[in-house]
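Read through the structure below, which is laid out as structure tokens, and then see the notes.
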Amino acid sequence: MASRMSMYSMASEALGGGPQAAQVSTTTLLNAIHNIYLSSQPYQLDASTSLVVNTWLTAAQAGATVDATLAARAWEHARRRAEDGCVILGSLHQSTPSLLVPFLNTFPFAIPASIYKSLEALQPFLRCVTPYNASAPRQIALGVTLTLSLGGNVTGASLALSQGGIDTENGLLNIPAEAGYRAFDVFYYLLTSASTPAEREFLGLKSPSAYALLARSGTYEPPSYLITADDGAAADDFRQALKEIGIKGSAHRNFISTLAGLLKLGNTLDYDADSDDFEEICEDVSGLLGMEPEVLMQQLSTEDRRTLVGGLYEALVDWVISKANSAIAAQMLRIRDGDESIDGRGVRTPTSNEDGDTVSITVVEVPEPSIGRALAMRTIFDDTIGINAEMIEDGVEVHPVGSSVVREMQQAVSDVAPDLGIMTGPQGRDRQHDLEKREVILEKVAYGSEDDSFVKKLLFPVEGEGVSLGRAGRFDLPALLSASRTWFHLSLHPTDDSPANLATLPAITSAWSAGTVSRQLRSWRLPEWANRRNRNLDYTADFDVDEFVGRYGALGCKDGKDGIETWMLERGWSNGEVFIGKERIWVREGPWWEAETMLDIKPAHSLQSMGQNPFTSGFDTSYSANPPNGSGFFPPPAMDNSLNGSNDQLMHTRNFSQGNMSQVTLNQHQNLNPQSAPSIAPSAMRNVQTTGDYGLGTKGDTYKGQVYYNEDGEFTGILDGELAKNKKIESKPLPFGRRAWIAFVWALTFWIPSPLLKFIGRMRRPDVRMAWREKFVLFFLIILINGMVVFWIIGFGKLLCPNANKAWNVKEVATHAEDEKSFWVAIHGKVYDITDFWQQQHSDTSIKVTKQNMLPLSGMVMDNYFMPPLNRACRGLGIKETTQLTFNDTITNPLAQHTSGFYTRDRTSALHDPDWYWKKFQPKIKEYYHGNLVWKKSKVKNEGENEQHMWATYGNEVYDLTDYLHTLDVNDNFDSYKFLNEDMVDLWKNSPGTNIKKDLDLLIANAKNETVSANLKNSWQCIQNIAYKGILDFRDSARCQVNNYLLLAFAIIICIVTAVKFLAALQFGSKRRPSPQDKFVICQVPVYTEGEDSLRKALDSLTALQYDNKRKLICVICDGVVVGQGNDRPTPKIVLDILGVDPKVDPPALPFKSVGSSSEQLNYGKVYSGLYEFEGNVVPYIVVVKVGKESEQSKAKPGNRGKRDSQILLMSFLNRVHHRAPMSPLELEMFHQVNNIIGVDPELYEYLLMVDADTCVEEDSLNRLVAACAHNAKIAGICGETALENDEKTWWTMIQVYEYFISHHLAKAFESLFGSVTCLPGCFTMYRLRSVDKGKPLIISDAVIKDYSVCDVDTLHKKNLLSLGEDRYLTTLMTKYFPEMSYKFIPDAQCKTAAPESWSVLLSQRRRWINSTIHNLVELMQLKELCGFCCFSMRFVVFIDLCGTIILPSTCVYIGYLIYILATGSGPIPYISLAMIGAVYGLQALIFILKRQWQHIGWMIIYILAFPIYSFILPLYSFWNQDNFSWGNTRIVIGEKGNKQVVAVDDEGFDPRSIPLQRWDDYALANNLPGRRGGYQEKTDYSYGDNYELDEIKSVYSAGPQGSVLTGMPGRNTYMPPQSPAFNNGRASTMGFQDSPMQHRQSMMSMGTGVHDMRSQSPYQDYPGQHPSVSNLRGQANLSPATGGGHSRSGTALGFSSGARSPMPDAMRSQSSFDFQHGHAGPNDMAIVESIRSVLCEVDLDTVTKKQVRALVEQRLQTELVGERRTFMDRQIDHELENM
């Protein structure tokens, strides 16, 4: 808890108030400076300026002199006034040491260690050695921004250079050619011995004298008068600092390569450089920088290279600063999470108050005296700008500045104008020209660099934005001063002597030169400064009148200026100390601190008893502490123990948190405010969770090692064995489908006895045993189907066509030609694989077996190479041993011809044996038999008939007599060669190519005598021995082809579906950016056991959505008070802490109906609401925490009913809102919070965005989803792409990346073509609440809610539908009841979610997904209306998906089989299967190649490697674990027989009367609340378009005055009608909160938006004198918290909001009513038309563009038109132009 006493109040004294009596002269000031120099003390020139004197000697030995009081004063103003501060560390002499680090050390809070490390790493880039300063900074300005919580602690920090950059001219490119000067220290550190030998060799480093940039002065060593002067030691420290800010590894290599490249490139800057050396240097430098040498040599001149060196060096420094800021942010995150202390050592306890409203203090070091002088003199003496101008305008009497001072000030500013961002004069134009030239050169170099080079990343830090050097990551120094409370800390130097001389002096304060010091005082006009400030302008705080009274009313200050003046006199303050201006109160430091001290010592209870708290009025939304209710819309309750009151009310809340004491709570203490409303629900549970933070119990508040779960994360409870004993027995009818299924299950599992399951399987309950039987049957059927599929694909074809894998035709044998590893040959109709034989030396002659001899034979038909002797092959035909056939084909390899018998060449060879062929060859070759050589029947017939190929078939065998007949032709039919029976030969001659079996058999059977018969038989035997060629190809038969054609048909179908999915995924063109939408959206986030990091990311992403903040509502529903694994407290407490709700808030627990069995339908919940701020976006939120009944509080998960119940809670609420039906007490409280507190009627919300708590939504996603729905009124549900946030975390996440991508871009894109996405994921889906045309409820319809809220989930099918796949089932129900609507997927809307990182979690997730998918697809198959017809319908696609999910294991088995076939070569290559697989993955690869998602190439490879996991392990595990549920004990199904289901009920049941229902109108009337709505029948004129009839709703968007937290919200695209009323029309809120000090000027820093003056910044208010500007039109919502300030002075280019104040008193301002019909949608059509006509009359139509016209029209209307308004404006512009 923050201390109420201030650090400042105890550590310092405030200055005396009032003008000082004596004038300050140069002499008196000089004397004072000498005194403080001797005593090492600071001197206060005025309340915001301190002077100190320092030398390097005093800084090194005694420590630098700095003013800690000034630091404390700046800190107090920042946190108390909620205003940004800026401390300028100015130097009046070139020899003063840097005070940046010493000054940071004086702040009264701890500075993170990473800031000092970052500065240590950065300083060598900015510091140089000069003769007058051993460490002279060369930057224009360096700022350290400290972001503080309003408790005063650091919550963030960053470093930045000013836009003026670095003086590289004097620090690098052109250092003075005098002894004592060096370039930036970093180059000497690079060249020291600290660099490793490997680095020196790689970089080619030499001594400093070898580099032209360093050699100009001849000075290479640091000054010797410094006792710590050692570049080597400094380099070691520097390298360590770099490592600690994250510059290590490849980043460090790139960094030193760039530095070395710059050094070497400096040697090319001389115009007379040697050409050979020049080319060598350019080659070397280009290698270091990653670019082509031609860029340096040919495309850049010498002057261009000079510019490149300076620009690239600045870009490198910017990169180092960005790395430093990342390291600081990482440490701040660890500090916030409690993982580290602020000094970087150890851990600490995280505090819950550091994530809220913030302010910033920026400490800016301006080392150059001329620049500091110009800044200071302009701030003090220029009365036309800044705070001086505001004071004068408000009536502060200021004496004019002397003309000489003005001229001197103007000359000082003119001398350094470009460094101050003033580009109007000659110097400015020259600077602008140089910057533009630098940008062109750097852009040329960047484009000439390699795509992944470090230089390109330096020059293009943000992809697609080009060179941003000097802008990105820099701050605008004048703009910073104009938007902050400025403090000056000026450092003088006592002498002009060189630093070396100081070391010889007797004392460290001996050096003194009055002339030197006097020159510094007079140069900066410090005497005039002191006199002017102390006489007129020394006011350090200013207030609005109401703001002043609100803050100090507790001290007796009365209303109005008269009351302030009276109180001022009572305090004894003169008009000079507190000045009452026209509109503001100006206070000097002394009186301000006196008043603040009185507030500090004032008891908190006395402040409360006065009816107000100064910490809740005027400043309560900025830095002060809110009362326990935290809202400011309810009266502060008395400090009563029953309300967990505390006397210390300074717990800082965050983000406008509506800690929201609800109406119920207030009603319990109506004596606090008689106008507060009574309870919503008379049945509010009084005794539930009344202790602990947020009223949610003590769990998580004190950690005592409570154990709620076992190791498996399951609740440790005991089941009652006597299931039906003492229980109520119910029975209900069973539908026919269920009865049939039960009968089928028992028919298949009757053989499994129930006692076995009960005692061995430990399934004591009948419903659990029945679920197991159902699971067993389903698993059996799935395995059976998978087995049938595998058998059909692999085995059925072989069964129909045996030996199909043993048949090869000539072409297939020829594929093994020249193949060493698969040596196939065909010999006499047989195919042999002689791979293991051919390399053996199998010849017994001189012929050697070599590759040259053997490989040409591979793949050949070798019949003629192995011809047996005819006299042996054709016995009985009288053939001589000298007779042989003459082959029709030429023998190409004679060495391979195996001629045996008579014609053997080598008589010693085994071939000389006439029986070699049968005795040797055939037995050996049979060992390598592989199959039959086959011939297509058509080929045999065609060649026989058309080509006279003398072959024919005998049955299935092919015989060829070509060689025999050719031998006869060659030998003129010589008798000795005519050995075959001529009648038999005539069969071949007369019928070639035909089947001669019948004729041949008949010829042999009808032989005339035995001699002829013997001759015929011998001839036939001879033909079989010498003419056999193989068999006919049986694989072409119908029996063998039917299975292939069936498989091919299904393959074609699958390919067509895949191809259509592919075409559906092809969406070319750029990513269109839709115009901003203006529909109201609820962002629902169901929360269960998520951790703080994921919850914060999810909420931050929703808050940062690029969507009108007022039109989105974050609705967080916490499913029970549950402590998640890894958390130290319940999830609801984590959520409320993130949102910034005060832990003291304890709203009542209100009853509502939950989705549960029996008595679990009664549940209680608590409601919290407020505003959450992130990165300048302030969004309303509502949190519903389900806390459970009183009887549940002792259980581990009180209130937990599941995600489906969380969805139903909100859907049911919106359903009742739509129908204006009676609501439960919880729903009434939700309505009250949304309608009256947040200020938006719930019926205005048109869309429901469902986001999981571990999902981060991209910024433009919501606008894209809404735009898609706005353009297509038929869309009822829409989802975007879900990508992985942790894709590279573990192996298990890696295998999911590709699957996520393809599942969206193939499956969902295909289904979206039909408008029938079957699964809208619950992690990122948006539903339309009601139809556009008739306002018909959709997602909130009665039918959907009824089916989705089934309470009795007691069967396996229901469990898988409603407990595992609720999101998919919700989509199924929407498709069922609204088939005419569309359900779309748009890839442009994206989100990121965290995938399971471990095997166990992945297994659990996929079990749920796969089983729910199957059961949901079964439901989808039963729907009657699915688009399409027959096989072209979505029903067919759903069937394909269902089959695909079921047969996943068989798919894996088949792919394994294919791999086996290919690896072993044991069968023909399945080309079709391989082509299909290639097509599927090829098309998928083509998708991400066309979408330029190159990274998915790698992810696809990983996915394919993990395919067995996805297709085999996960499905089988899922199928077997379909019954793996937690079964409730309340309702137990003890039997399903006949047509009845018997249920045992073990509790008191649910009585609907326990939840009282009440219509909102009745409740509002009874409690005097605004917002009467009327009944549903009164909605006849209701329109969901732009014409709302909602005056009676009294929302902030309706005509009536209704207060809400949105009144002060900054919004985008908000129409601000001129002269609209102040908040609440100047009247008190109807909620009974009478004090409204925030009506006019209110500090809004907690929004982080720069909204400071509600008269100019309220979304609905504007006043005369407020002129629109581009920055106004752009809005303030995207400014970071650091850019806003409580008192921003004037608009700047950075977009700081204007602080101009209207001179009109409040009474003169118009008090008109805000018209909702036009206010929420901007101006009407007529106003737009008039504005267009006016603009077109004023502009030059020949040069103006339509975009410019649109901008001018919007500027004239003071709003940005969106949606339909923008479309109307575009049409009207075209129309007006046509008519001109």
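Backbone N, Cα and C define each Cβ position, glycine as well.
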Position flagged as N-linked glycosylation site [Swiss-Prot], chosen from ASN133, ASN1678: ASN133
Local Cβ density at ASN153 (N-linked glycosylation site) - other Cβ atoms counted within 10 Å: 16
Lowest local Cβ density among ASN888, ASN1009, ASN1411, which the record lists as glycosylation sites, within 10 Å: ASN1009
Which of ASN133, ASN1524, all glycosylation sites, has a Cβ with the fewest other Cβ atoms inside 10 Å: ASN1524
Folded-back contacts onto the transmembrane segment (1442-1462), same chain, C-beta under 8 angstroms, at least six residues removed: 782, 785-787, 789-790, 793-794, 1410, 1413-1414, 1417-1418, 1421, 1469-1470, 1473-1474, 1477, 1507-1508, 1510-1512, 1515-1516
Tally of DSSP helical, extended and coil residues in the domain 'Cytochrome b5 heme-binding' (805-866): 17 helix, 11 strand, 34 coil
DSSP-assigned states of the domain 'DEK-C' (1722-1778) in counts, ordered helix, strand, coil: 42 helix, 0 strand, 15 coil
Nearest of the glycosylation sites (ASN133, ASN153, ASN1009, ASN1411, ASN1524) to ASN888 (N-linked glycosylation site) - Cα to Cα: ASN1009
Nearest of the glycosylation sites (ASN133, ASN153, ASN1009) to ASN1524 (N-linked glycosylation site), judged by Cα-Cα distance: ASN153
ASN888 (N-linked glycosylation site) - helix vs strand vs coil (DSSP): coil
Candidate glycosylation sites ASN133, ASN153, ASN1009, pick with smallest Cα gap to ASN1411 (N-linked glycosylation site): ASN153
DSSP three-state assignment (helix, strand or coil) for ASN1009 (N-linked glycosylation site): coil
